[in-house]
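S.K.: Can you keep this structure in mind? I'll have questions shortly.
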Amino acid sequence: MTRASLDKQPSDVAAMFDDVAAKYDLTNDVLSLGQARLWRKAVAKAVQARPGERVLDLAAGTGTSSLPFLDAGAAVVPCDFSVGMLREGKRRHPGLPLTAGDATRLPFRDGVFDAVTISFGLRNVQDTEAALAEMLRVTRPGGRVVVCEFSRPTWRPFRTVYTEYLMRALPPVATAVSSNPDAYVYLAESIRAWPDQPGLAALMARVGWEKVAWRNLTGGVVALHRAVRPRG
Ligand SMILES: C[S@@+](CC[C@H](N)C(=O)[O-])C[C@H]1O[C@@H](n2cnc3c(N)ncnc32)[C@H](O)[C@@H]1O
């Protein structure tokens, strides 16, 4: 079984997701205590995909995060670099145009998407800024981005309880429900090492995204960052 470490070697990250693919969605629902569904709804609302728009769902995994855009009538392209996750996605959602691609070298031309989104994926990419810059490149001028990622709970007492949950309860629960419990040690470590809300906003602004703003979900356990590509 493979587990990535905080240096996030792309081959280790891809292999780790290959291992968890079959049970990924179930484990997600259990470990997030059902919040994952609410977070997905909030992403769909933030992206506001309209019929006919082209939406890139980057690090889409099994494609579950892409379904709300399909439902909205958009042409969604789910893209991921784990062949295991893509294969599981193809099995579950044969109609989705699942595409293989690395977030730091996207296989798309400049400015082809109206919106780009990434849910629980950016934290796993070795070079965050390179991925944010690639997302900017493939978005049309005036187009938008929404990043959904674990973040920093804002209320200190809750933050302490949450950190305890991550470090203590999550690995044994993952052992019960996941095909690769070690992957959830990486999950806990990578959440703790990830920038907080202003930190991620600063990275987005640094690569050229404009009007960067965020909204906390579940008290800041998750944050949605959104921004737009400058028009000229
Ligand atoms: C936690 S899953 C999220 C899947 C989906 N977006 C969701 O919300 O359920 C993270 C995904 O990021 C993908 N990933 C990580 N690094 C990537 C990269 N550099 N390029 C493309 N996909 C990547 C992994 O293969 C994995 O499927």
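Note that Cβ sites are derived from N, Cα and C of the backbone, with glycine treated the same way.
TrEMBL does not curate its annotations; it predicts them automatically.
Okay, these came from TrEMBL:
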type	residues	note
BINDING	T62, D80, D102, A103, S119	S-adenosyl-L-methionine binding site
S.K.: Looking only at T62, D80, D102, A103, S119, the residues listed as binding S-adenosyl-L-methionine, what is the longest Cα to Cα distance in Å?
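M.R.: Spelled out: the longest distance between any two Cα atoms in T62, D80, D102, A103, S119 is 16 Å.
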S.K.: Tell me whether D80 (S-adenosyl-L-methionine binding site) sits in a helix, a strand or coil according to DSSP.
M.R.: strand
S.K.: On a count of neighbouring CB atoms within 10 A, which of the binding-site residues D80, D102 is highest?
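M.R.: The largest 10 Å Cβ neighbour count belongs to D80.
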S.K.: Sort out the sequence-distant neighbours of T62 (S-adenosyl-L-methionine binding site) for me: same chain, 6+ apart, CB within less than 8 Å of its CB, listed by position.
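M.R.: Looking at Cβ-Cβ distances below 8 Å from T62 (S-adenosyl-L-methionine binding site), excluding near sequence neighbours, one finds A21, Y24, D25, M85, E88, G89, R92, H93.
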S.K.: Only counting partners 6 or more residues apart, tell me which same-chain residues put their Cβ under 8 Å from the Cβ of S119 (S-adenosyl-L-methionine binding site).
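M.R.: Within the chain, S119 (S-adenosyl-L-methionine binding site) has Cβ neighbours under 8 Å at W39, R40, V43, D57, A59, A60, S65, C148, E149.
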